[in-house]
Amino acid sequence: MPKEKYDPPDPRRLYTIMSAEEVASGKKSHWTELEISGRVRSLSSSLWTLTHLTALHINNNNLSRIPPEIAKLPHLVYLNLSSNKLRSLPAELGNMVTLRELLLNNNCLRVLPYELGRLFQLQTLGLKGNPLSQDILNLYQEPDGTRKLLNYMLDNLAVHPEQLPQRPWITLRERDQMMPTAVFTVMCYNVLCDKYATRQLYGYCPSWALNWEYRKKGIMEEITNCDADIISLQEVETEQYYTFFLETLKDRGYDGFFCPKSRAKLVSEQERKHVDGCGVFFKTEKFALVQKHTVEFNQVAMANSEGSEVMLNRVMTKDNIGVAVLLEVKKDLFATGLKPPPEKQLLLVANAHMHWDPEYSDVKLIQTMMFLSELKSIAERASGSINSSSPTSETSSIPIVLCADLNSLPDSGVVEYLSNGGVAENHKDFKELRYSDCLTNFSCNGKNGKPDGSITHSFQLKSAYEGNLMPYTNYTYDFKGVIDYIFFSKTHMSVLGVLGPLETQWLKDNNITGCPHPHIPSDHFSLLAQLEYHPPLPPLNGLHLPVHSTACESKMLTE
């Protein structure tokens, strides 16, 4: 059902005629409704150029057909075709998904195109006075008959095309042949939890294609086709993690770690099975698990509220979580050439799903700050205790890969914070709420802060998908944009290539107004990046070289 309130056109259709003075002064006319009457038999093709129309009244005429070009009026919410001589309707009528009211009363219609089922925002469908089949009329005359009839037609509409085109692989740079680097792939994918996949949210998708038993096959096919070395998933239902994802991926050589959202602690055992969370999987032939961690944002918020009411009332009430696994990179993953350093090569892989509501940009930003603050503590402890031979126990000594559904656009404070290493404490995304007293708890500068009043983190991160490589990661009728990300430590890693987007024109040509779709099992597209890890170089004459060495340094080390 549509989310916005619909007000039908005023039947009186009041209008005002501009005076000669108004015309002379250059005043522009504005009209969005059109009525055509007079027992008209055919329609002029110039009608389809009036793309600004929101209401079209062509009832009480002698029209026997409606041309498919009517779908060129993309803003129509009201269409009255009643009391004509229509015997059929064009299938293209189903592309007019903005329609809220479609009146077809008193015509000669015996059948309806199943494409009408795609009109998921339609509230009123007038069919009285047509010689339709009894099955259609019976369904239409039931309580909430319009909705039931549209659902029936959508569920029985033939699906085209039969398969998706391949997404392109975008090569960004070549592997460093001079150094013993490790190359691996990382996937980030929000799989759309079953309980969120409702017809209320995704009315444009057939009910059978929203069903989890159908969608999970497409989701696993997407995962296995990508064959990533590290997989980060969001919106994984607890029961499905253990009975489906872990079970299936273990057979393919993965191990995994999962944690549900914090509300799992507060519900019954039966309800707990359906709480979603975040999971990380990794190929055991390439990585070994060292540590695993869960970060509950509401608990971190409570511990750092500093008496802040907005922290308690806005941040602590959200049950989002993040997970992290500390992995050892196995030596076989490194290319031949220089031997990798004898010390353990560690990698911190983090995965999170931030709060969804656009009105809570402050919460998303603080959740991100809390997550990086906790990751900093994890990295510092790991660097000091496990890799004590490292020249430093600083956070930056352990590289990080951060995958997340941030529910934030590229121009948001969240992405600015991650990409630039900090954000101003008076950033607009804080909504002028009083967080300043507790924000410094999450800054790498601690209570001292920075002179410019910014909140910083100590990870030097870069997005694998920079620029416009991916125009959208979330693709629904109401929203199309980038909210999913893969970040990595740019001091230790570089990105060699990424999986590109599904062609926008293909989606338009096939009238895919949003996902999920019978061929696209989630409302998100997966991200896949190939990363190259440059381990620290062994000391040269007692000096520790930078991670990214020059070719000259490489030559010196091989001699």
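For all residues, glycine too, the Cβ spot is worked out from N, Cα and C.
Listed features, source Swiss-Prot:
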REGION    1-148  region 'Required for interaction with cnot1, cnot3 and cnot7'
REGION    1-550  region 'Nuclease domain'
REPEAT    52-73  repeat 'LRR 1'
REPEAT    75-96  repeat 'LRR 2'
REPEAT    98-120  repeat 'LRR 3'
REPEAT    121-143  repeat 'LRR 4'
BINDING   GLU235  Mg(2+) 1 binding site
BINDING   GLU235, GLU271, HIS353, PRO358, ASN407, ASN474, PHE479  substrate binding site
BINDING   ASP405  Mg(2+) 2 binding site
ACT_SITE  ASP405  active site, proton donor/acceptor
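Here the features listed in Swiss-Prot are painted onto the structure.
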{"residue": "GLU235", "record": "Mg(2+) 1 binding site", "Cβ contacts under 8 Å, 6 or more apart": "ASN190, VAL191, LEU192, CYS193, TYR196, ASP276, HIS353, ASP405"}
{"residue": "GLU271", "record": "substrate binding site", "Cβ contacts under 8 Å, 6 or more apart": "none"}
{"residue": "PRO358", "record": "substrate binding site", "Cβ contacts under 8 Å, 6 or more apart": "none"}
{"residue": "ASN407", "record": "substrate binding site", "Cβ contacts under 8 Å, 6 or more apart": "HIS353, MET354, HIS355, TRP356, LYS364, ILE483"}
{"residue": "ASN474", "record": "substrate binding site", "Cβ contacts under 8 Å, 6 or more apart": "ASN190, LYS480, GLY481, VAL482, ILE483, ASP484, ASP523, HIS524, PHE525"}
{"residue": "PHE479", "record": "substrate binding site", "Cβ contacts under 8 Å, 6 or more apart": "none"}
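Packing against the repeat 'LRR 1' (52-73) from elsewhere in the chain are residues 9, 13, 32-43, 45, 79-93, 95-96, 103: each is 6 or more residues past its ends and has a CB under 8 Å from a CB in it. Reduced to three states, the DSSP call for PHE479 (substrate binding site) is coil. Remote same-chain partners of the repeat 'LRR 2' (75-96), defined as residues 6 or more beyond its termini with a Cβ less than 8 Å from a stretch Cβ, comprise 6, 8-9, 32-33, 51-69, 102-119, 126, 511. Under DSSP, ASN407 (substrate binding site) is assigned to coil, being neither helix nor strand in the three-state scheme.
Taken through DSSP, the repeat 'LRR 2' (75-96) splits into 5 helix, 3 strand, 14 coil. In the predicted model, the repeat 'LRR 2' (75-96) has a mean pLDDT of 98.
Look at GLU235 (Mg(2+) 1 binding site): DSSP puts it in a strand.
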